[in-house]
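Below you'll find the structure, written out as structure tokens, and then a few comments.
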Amino acid sequence: MAEPIRVLVTGAAGQIAYSLLYSIAKGDVFGKDQPIILVLLDIPPMLPVLDGVVMELQDCALPLLREVIPTDKVEVGFKDLDAAILVGSMPRKEGMERKDLLKANVAIFKTQGAALDKYAKKTVKVLVVGNPANTNCLIASKSAPSIPKENFSCLTRLDHNRARSQVAIRVGVSSDDVKNVIIWGNHSSTQYPDVHHCKVNVHGKEMAAFDAIKDDAWLKGDFISTVQLRGAAVIKARKLSSAMSAAKAICDHMRDIWFGTPEGEWVSMGVYAGGNSYGVPEDLMYSFPVMIKNKTWTVVDGLSINDFSKGKMDATAAELVDERDTAVAFLGV
């Protein structure tokens, strides 16, 4: 058996973590022969709930789960980590402006970035889920200067999965038959779900999404807004935010980091924009199409971008620049 890896989940008493922890502990993410030490971090008022989560994990009797460590202390939570999944963040409350939300989260992710810098392995892979995910990820990375920027990513896989699924439903195929959708930009309502390079397998024949769907107006209209606003639609219906689908997306994202992407396929994740070929401002965490090999992602370069796409990519970048500048002003750096 391999040596156990240490995996941190923050916000571990919350509903996304409740859907996520079982999959990690069972081996769905890091492999069926990889023992796991799960570290569960949350704020002090949530510790009694966390005790219940620990009991349930123990009661699952999972062979790969070597130890579960509940804590509210960063020096315990971030020690010697191989992977960190930062789910916990300050949620937006009624009457709260985005600016207020950013200010609260900058403080949280500055602290967590500094803790990663001080206690975690330098090889740690960090996935930021808590919103606003792109900017929280950038702040965490800036606060952990000794860990490579490339080790940080934020979750846009849920949007990617939503886009794939919408195309599959429209064509009447399995979501497995849809590949190479792209989510550009921010995990917000300005994100741009792009299917100009997407391929759909229809009865064994691979074709472009636009040819498979034959409805350009839908692809440039309702399809985009459905993906952009899906999170809000789930909240309206469930009275709670996406949890099951978010947990599945987190698993997909981390598994691809660990094991790589299939040949000829890419996935979407928010990564550091330095050196990109698409004219995206450099000092941002921006969602791109990426391929992953040996736990290292590379942005898929050289895709043709039409004017329609360029306008949408620039608009979501502008929002991210604004968020970054606001966040950095709060940091005082």
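In case you wondered, yes, glycine gets a Cβ from its N, Cα and C as well.
Taken from TrEMBL, the feature active site, proton acceptor covers HIS187. Taken from TrEMBL, the feature NAD(+) binding site covers ASP42, ASN105, VAL129, GLY130, ASN131. The annotation substrate binding site is assigned in TrEMBL to ARG92, ARG98, ASN131, ARG162. Per TrEMBL, domain 'Lactate/malate dehydrogenase N-terminal' is recorded for 6-152. If you look up TrEMBL, you'll see 156-330 marked as domain 'Lactate/malate dehydrogenase C-terminal'.
In space, ASN105 is the closest of the recorded positions ASN105, VAL129, HIS187 to ARG98 (substrate binding site), judged by Cα positions. There are 23 other CB atoms within 10 A of the CB of ASN105 (NAD(+) binding site), with all protein chains counted. All protein chains considered, the CB of ARG92 (substrate binding site) has 15 other CB atoms within 10 Å. Comparing ASP42 (NAD(+) binding site) with ARG162 (substrate binding site), their Cα atoms are 29 Å apart once rounded. Here substrate is bound by ARG92, ARG98, ASN131, ARG162 per the record. The longest Cα to Cα distance in that group is 24 Å. Nearest to ARG162 (substrate binding site) in space, judged by Cα atoms and limited to the binding-site residues ASN105, VAL129, GLY130, is VAL129. Averaged across the domain 'Lactate/malate dehydrogenase N-terminal' (6-152), pLDDT for the predicted model comes to 96. Within 10 Å of the C-beta of ARG98 (substrate binding site) we count 14 further C-beta atoms, all protein chains included. Within 10 Å of ARG92 (substrate binding site), as judged by C-alpha distances, the recorded positions found are ASN131; the full candidate list was VAL129, GLY130, ASN131, HIS187. Counting other Cβ atoms within 10 Å of each Cβ, the lowest count among the recorded positions ARG162, HIS187 belongs to ARG162. Geometry remark: ASN131 (NAD(+) binding site) versus the residue listed as 'active site, proton acceptor', CA distance 8 Å. Recorded residues ASN105 (NAD(+) binding site) and HIS187 (active site, proton acceptor) have their alpha carbons 15 Å apart, per Cα-Cα distance.
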